[in-house]
Amino acid sequence: MSSVKKKLFIQTLGCAMNVRDSEHIIAELKEKEDYEVTHDLQSADLILINTCSVRERPVHKLFSEIGAYEKAKKPGAKIGVCGCTASHLGSEVFKRAPYVDFVLGARNVSKISTAVNTPKFVSVDINHDESEYAFGDFRSSPYKSFVNIMIGCDKKCTYCIVPQTRGDEISIPKDIILNEVRKAANGGAKEIFLLGQNVNNYGKRFSGAHEKLDFSDLLNLISEVDGVERIRFTSPHPLHMDDKFLQVFSKNPKICKSMHMPLQSGSTAILKAMKRGYSKEWFIERALKLRELCPGVAISTDIIVAFPGESEADFEDTLQVMEKVKFEQIFSFKYSPRPLTPAAVMTNKIDEKTASARLTLLQDIHNKMLDEIVATQMGAVHEVYFEELRENASVAGRSSNNFLVQVKGSEELLGKLVQVKITDPKRMVLYGKII
Ligand code: 5AD
Ligand code: SF4
């Protein structure tokens, strides 16, 4: 007699690391607790929300969301809060939402089985245990696989809550990584997406005695694994963009030509107050060097406007860096004070009106820049890895330099690398034809 599986509804907020953590949670619950995933909240026996705490808004969103879950759920269904907000709020979550059944921090997701079976379970420590590095076998995409290469972060950027939620930076031993990569490639994933807070600082510290190697060496090793056609990674840190890394990035054909270079601010004074460890000039020099070594590379960035003390001149510096580097993609945010971070107690806060005006101006300037970049794509040829069916008998995928490209076609294109000529470039999507 086959038993009816229990149903898990899981919502994932935040970054790719959280997506991977959710995959691990799903794998554990399938294997050990006989759950299957549902997208229907009302039929769920367990509702999980895997949270992000990097800015204030997602934290507010958490409490409004779980309040709605509590009202909508079927009687007896459990609610668990996991991830970075769980890490920094701990049992405080129960005070604000007493109906929550357990709280599991970002570094504790391997304890999900215990959590579902223990009333009011809380685990939010940031110790590390090598036995918990290998993740379960569940992948949300058959075409690309996330693989963790390090956990935590040692940088002390003064605005950032991550060191509190994910702990010290520790590199995962290469044999574990290569094993994960082989499993993913054997499962049909041609693209491997490496994850860590400062990936190009890989190899600085392991939790035990392990062979030393740096990120560039690791990239080369992964590129030799059978079945791996593409490698992406996030996030590198501008400070660690040494010549060796830029050379390997540019020369290894398996490495996708899309680099994330989180600028945060273009003002050396603000970068200092943020404790980023590099100057405006260093950032520009590295970005232009990358463009020289790697023609066709797309550079994306993160920018925070209105960090405490940011003057008009500081903000102008950020705009200048934008003009010089001409980022293909920008993720921009207003500074948001986070608990327990040094910047949260800085007294020279920027008022909301100025912050909003700066964000709007920056985004407007970037949109104009993007129109120029997009126009140059007319007639360009890209190798596209198709991953997604779209409306109007179309399929979409990414070029090596991470443009979203769409063509007419059907599922037989999924999972294939195909040459496409761009015939109608738009800001969000480059439309093209297979050649
Ligand atoms: N306020 C605003 N943005 C932030 N980020 C991180 N912390 C904060 C904060 N306190 C942004 C940074 C980072 C991205 C993931 O989120 O730009 O690179
Ligand atoms: Fe990811 Fe940082 Fe958000 Fe945690 S706080 S989910 S590490 S972006």
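Just so it is clear, glycine is given a Cβ too, placed from its N, Cα and C backbone atoms.
Feature annotations, reproduced from TrEMBL:
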type    : residues               : note
BINDING : CYS15, CYS52, CYS84    : [4Fe-4S] cluster 1 binding site
BINDING : CYS153, CYS157, CYS160 : [4Fe-4S] cluster 2 binding site
DOMAIN  : 6-121                  : domain 'MTTase N-terminal'
DOMAIN  : 139-372                : domain 'Radical SAM core'
DOMAIN  : 375-435                : domain 'TRAM'
Taking DSSP three-state, what's CYS84 ([4Fe-4S] cluster 1 binding site) in: helix, strand or coil?
helix
Which of CYS15, CYS153, CYS157, all binding-site residues, has a Cβ with the fewest other Cβ atoms inside 10 Å
CYS15
Among the binding-site residues CYS52, CYS84, CYS160, the one whose Cβ has the most other Cβ atoms within 10 Å is CYS84
Write out how many residues of the domain 'TRAM' (375-435) are helix, how many strand and how many coil, based on DSSP.
4 helix, 35 strand, 22 coil
Give the distance between the Cα atoms of CYS52 ([4Fe-4S] cluster 1 binding site) and CYS160 ([4Fe-4S] cluster 2 binding site), rounded to the nearest whole Å.
12
Residues among the binding-site residues CYS153, CYS157, CYS160 that border ligand 2 - Cβ under 6 angstroms, in sequence order:
none
Expressed to the nearest Å, what is the distance separating CYS160 ([4Fe-4S] cluster 2 binding site) and CYS84 ([4Fe-4S] cluster 1 binding site) at their Cα atoms?
12
The correct DSSP tally for the domain 'MTTase N-terminal' (6-121) reads 61 helix, 27 strand, 28 coil
Of the binding-site residues CYS52, CYS84, CYS153, CYS157, which ones put their CB under 6 Å from ligand 1?
none
Integer average pLDDT (0 to 100) for the domain 'TRAM' (375-435):
97
